[in-house]
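If you check TrEMBL, you get these features:
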type	residues	note
ACT_SITE	B:THR187	active site, nucleophile
BINDING	B:THR150, B:LYS176, B:THR187, B:GLU274, B:ASN396, B:THR401	substrate binding site
There are 2 protein chains.
Amino acid sequence: MKKITGSITTPTGFLASGVKAGLKKSGKEDIAIIYSETAAATAAVFTTNTMAAAPVLVSRNNIKKGNARAIVINSGSANAGTGDLGLKNAEEMVKLAAGHLNLPTDQVLVASTGVIGVQLPMDKIAAGIAQAKAGLSVNGGENAMLGIMTTDTFRKVSVYEQQLGGKTVRMAGIAKGAGMIHPNMATTLCFVTTDAAVAPAILDKAWRDAINLSFHMITVDGDTSTNDMAAVMANGAAGNKVIDQASGQDYELFYDMLKAVCTDLAKLVVKDGEGATKFLEITVSSAPSFAAAKTAAMAIAKSPLVKTAFFGQDPNWGRILCAVGYSGAQADPAKTSLMIGGVPVVKAGLDAHPDHQTLKKVMAEKEIKVEVELGLGKEQATVWTCDFSYGYIKINAEYHT
Amino acid sequence: MKKITGSITTPTGFLASGVKAGLKKSGKEDIAIIYSETAAATAAVFTTNTMAAAPVLVSRNNIKKGNARAIVINSGSANAGTGDLGLKNAEEMVKLAAGHLNLPTDQVLVASTGVIGVQLPMDKIAAGIAQAKAGLSVNGGENAMLGIMTTDTFRKVSVYEQQLGGKTVRMAGIAKGAGMIHPNMATTLCFVTTDAAVAPAILDKAWRDAINLSFHMITVDGDTSTNDMAAVMANGAAGNKVIDQASGQDYELFYDMLKAVCTDLAKLVVKDGEGATKFLEITVSSAPSFAAAKTAAMAIAKSPLVKTAFFGQDPNWGRILCAVGYSGAQADPAKTSLMIGGVPVVKAGLDAHPDHQTLKKVMAEKEIKVEVELGLGKEQATVWTCDFSYGYIKINAEYHT
């Protein structure tokens, strides 16, 4: 498996575009279409938020057959908290895109992101979708990525290539950040294209597993959005033998590539977390179960006291152990150890008296590993998060509705 | 029931003191003793954090008979994450206080608050306890309160008086803030004294009920401390007929007073939340159950996006409904309504288009009511929280270990 440069149009048979429809105050790209020129297997996961946005409701329905060929996305407005009219507008977006692309409506997914509670300006949307259709091209991946961004400060893309059953298979993904990030079935918007040939049911399983170990392992602020959606389209243009079972070498190779793309994107989302100055990789090991390890790691990752301590470059291990303690995961202080940046800080629940200069250097780094050993079993989990800074407050207190 | 000025020594038969033992860098009061001159019924609840501090472990044991007569408290150091030596030191604090007060050790509770992971300087502690014993007086309530404070910016005290069975009964409470505040069996340190006569088992029930509706209904940052403890001592010096059942007029009057003291203190803790500029009262009503209402209200109260929006004085209702949506409580957008400061903002899940000037005035206030109606039942819950400001980041990023 080789990491390559490119975009979501790098896999064969995919076109994309991103256009400026006037939805964003900034005037930047705000409508995108991703399109497979041929039939595709498609899988998607969605937010579990009961206040799910209209596009989530529509796409949840349209994914059922697993053969969607196009995704139309707008940024600038979330089409959430918009009731019946919002639902009608999401359906209209699907209809417009399906009409232009000559597809049945249930082969089109729709996604929105932006401010909650405002109705979509359907005239601008309609013109934007027409323009986006006209602009579809193998060079449109870059603009499509711009079209899904909101408070993101940099582009989030990941592309891989590998030999699979004697054929060259490519896979590419894009994602948006940067706030309201917390896992619950899906997080943020994420779209992956691949020219691998995979049966819909197998793609669905691989997708869920890959998301569970990537987007479900990150948190920025503990808020699960109303608009979360992650979808993958596999059109088989690479010509490999169709992967039709969830085992064997081809499946493993495909799954590893999928996990790599999702993990890359999930980490990029965290790195661009609102106001983030530090990227934290938190591993809890020797836990009685994966669930317990994840629970403890997520409690650390979500703790405002831990996150502000890292922003302040303070190795305040008491806050880390405190978070483990209230997480609900089984823990025994006398068996708990902690390393920060590879430096033993706590041994058997007690201060390990690390060298202050060494620790100071570690805390000053941009990327820091936090490793907790519970001493209670053999399972482990790794989550990724960022620190909590003045920047987070600034972005979120000044982002006015 | 009448609110009066006073301190925890206002109820008859209680002495207290607070002295400067040199544990706090600031040089302020850091050891306190609260003492009942006669036998007392005592109840206490403790943190559920598995990394519970040594004093919590010791006090959990000493509360078993329900007849503790003294509480010794230090601030400046939490005696948490301190292992066997920490446990020995907490036991030693009890022994020292018990010796000076001529009490069996199991009639003394111990509490600590401050930095985690540092061993107590037992020479200073011993001298401080001796000095605190010598200083015990009916005028010592004020100094005892100073002795339990950490990052608090103001004093938290609540005192009531009422007639109960023909006798004048007084009750007083103190609490500390101001971070690592999230309910889980008890929150922060809180000590209440009363000269009412109550049987230990009845006091225990009333105490747990009162804490459930006060300290368990607040959150500052979602972090449940290792040192949380809330205790009440009732010495019967008022001479009322002993309350020995959890019903009847005397019990109700007593319970109402207890709930009033605890609610006052819980709100004061939130008002002094680290960096707080707003006090938010969040009520979720017409819920299918109290638990569902509390779950939804707590999700709103904990959401960094909601808290930063209030700091920014932005009536961003999408974030509030989003939090309800991911809380886990049952919700239906079409049945959900929201008022902020009495102004209808969302009706049946849709923007109610409130007058902007009116809403702007509401958002500029120091205390704001947030009311969510789920339209799904008859139960409700109210929680209290504060906003998330630059001040929170500053306090917690710069509070170095």
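Here the Cβ of each residue, glycine as well, is placed from N, Cα and C on the backbone.
Caution: TrEMBL annotation is automatic and unverified by curators.
Since we're looking at a predicted model, the values are computed, not measured.
In sequence order, the binding-site residues from B:THR150, B:LYS176, B:GLU274, B:ASN396 that place a Cβ under 8 angstroms from a chain A Cβ are B:ASN396. B:THR150 (substrate binding site) falls within neither a helix nor a strand when secondary structure is assigned with DSSP, and so counts as coil. Sparsest Cβ environment among the binding-site residues B:THR150, B:ASN396 (other Cβ atoms counted within 10 Å): B:THR150.
B:GLU274 (substrate binding site) counts 27 other C-beta atoms within 10 Å of its own C-beta, drawing on all protein chains shown. DSSP assigns B:LYS176 (substrate binding site) to coil in the three-state reduction, outside any helix or strand. According to DSSP, B:GLU274 (substrate binding site) sits in a coil region rather than a helix or strand.
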